[in-house]
Amino acid sequence: MAVGIENTIEEARFVEQARNFDIQRVIVKIGSSLLTNNGRGLDRTAIYEWAKQIAQLHKQGVEVLLVSSGAVAEGVVRMNLEERPKKLAALQACASVGQMGLIETWWSALIQYGIQSSQLLLTHDDLSNRSRYLNTTGALTQLLEWRVLPVINENDTITIDEIKFGDNDTLGAMAAAMVNADLYIILTDQEGVFTDNPRNNPHARMIRQERAMADYLFDIAGDGGKLGRGGMLTKIRAGRLAAMGGCPTVIVSGAIDDVITRVVSGEAVGTLLTTNDQDKIIARKQWLAAHLRMSGSLIVDAGAAKAVVEHQKSLLPVGVSEVRGDFDEGDVVEIVHQDTGERIAVGQVNFSSRDACRVARERTEQFDRILGNNEERVVMVHRDNLALTM
């Protein structure tokens, strides 16, 4: 099939798929290179242009959440530093200084259209701890009800490397899951995802539409892939993470005229990463496996370990010999083999640590007696909410 015809077919599929979305809530993520004109300070002209597009969506009743990088780069400029600092304390200080300018600029750009904006700085702990996750979700929901536009960024001033999201692509995907977004738009300095590096290969073709879980995307964008690193790998990973909540992702150049409104209207610009029900389960398991902080541990006997690892079964309370830590229902915990001490899986637990202790080593028919009548929970960790780590 000729490349031109193939591209036309892909564009038609893109438009058809995009127009099937009922888009009421959108996450827009803008990276540092775009926001700061490749590190030369905040590009206010570009920011005001994106604000104009966001205002058009806002006027149509579409709720927009913005994930904005650029605090460290702006801090470097404001402090007249010759280069980006390497020491953690200096980087955190730059983030503190630059965040002021970042939020100030977004506020000024949006208020001219009558849009109130707010600042929300998050850490990995805020989203890995269930109670803080729910509190954050509640605050975001209230802001949206008030028609306030949240501007979200990682709290680089207090975050250490070991518990960083690593990039705002990931943070945007997690925000999409928090608020059940209908679309996640990642604005970048590339037109989309290509089959090869277009700078080196004139025959490289942009991928207009693909499943977020398609393995070959990692081959293209991975560390050893054709495109090298270049940031595209994290964007594809973020697309997979957004797929966990059923949210499609568009990766597209932020330099395209009216790019945000054109994407939301269903125009074929950039690369659309789609999802389906099976992809949600696969992406969810990957998200669980990537969790940095565990809220507690479930120590399991050999029989339960075999059921989980070899037969991909749910973890039943009868196989749990010990509960460690203080956690709530819905928190992510590790599952550890009692004989080897090895972590075999991580998963989202259906019981608080208090109730887990009460039902550990007990059979299902005893739950009503232990926890009260009409107890519906029968598994400690469901297999769909469990990811193997060995």
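Cβ coordinates are placed from backbone N, Cα and C, and glycine is handled just like the others.
Per Swiss-Prot, the features are as follows:
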| type | residues | note |
| --- | --- | --- |
| BINDING | Lys29, Thr188, Asp189 | ATP binding site |
| BINDING | Ser69, Asp156, Asn168 | substrate binding site |
| DOMAIN | 295-374 | domain 'PUA' |
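Here the features listed in Swiss-Prot are placed on the structure.
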residue	record	contacts (Cβ under 8 Å, 6+ apart)
Lys29	ATP binding site	Leu66, Val67, Ser68, Ser69, Asn168, Asp169, Leu171, Gly172, Tyr184, Ile185, Ile186, Leu187
Asp156	substrate binding site	Ala71, Val72, Leu91, Gln92, Ala95, Gln99
Thr188	ATP binding site	Gly31, Ser33, Leu34, Gly231, Met232, Lys235, Ile251, Val252, Ser253, Gly254
Asp189	ATP binding site	Gly31, Ser33, Leu34, Ser253, Gly254, Ala255
Where does Asp156 (substrate binding site) sit in DSSP terms: helix, strand, or coil? coil
Within the same chain, and leaving aside Lys29, Thr188, Asp189, name every residue whose CB is within 8 angstroms of the centroid of the CB atoms belonging to the recorded ATP site, in sequence order. Ile30, Gly31, Ser33, Leu34, Ile186, Leu187, Gln190, Gly231, Lys235, Ile251, Ser253, Gly254
Residues sitting within 8 A of the centre of the Ser69, Asp156, Asn168 CB atoms (substrate site), not counting those, run Ser32, Ser68, Gly70, Ala71, Val72, Asn153, Glu154, Asp167, Leu171
Span of the recorded substrate site, as the biggest CA-CA distance among Ser69, Asp156, Asn168 in Å, is 11
Would you mind pulling the DSSP three-state label for Asp189 (ATP binding site)? coil
DSSP three-state assignment (helix, strand or coil) for Ser69 (substrate binding site): coil
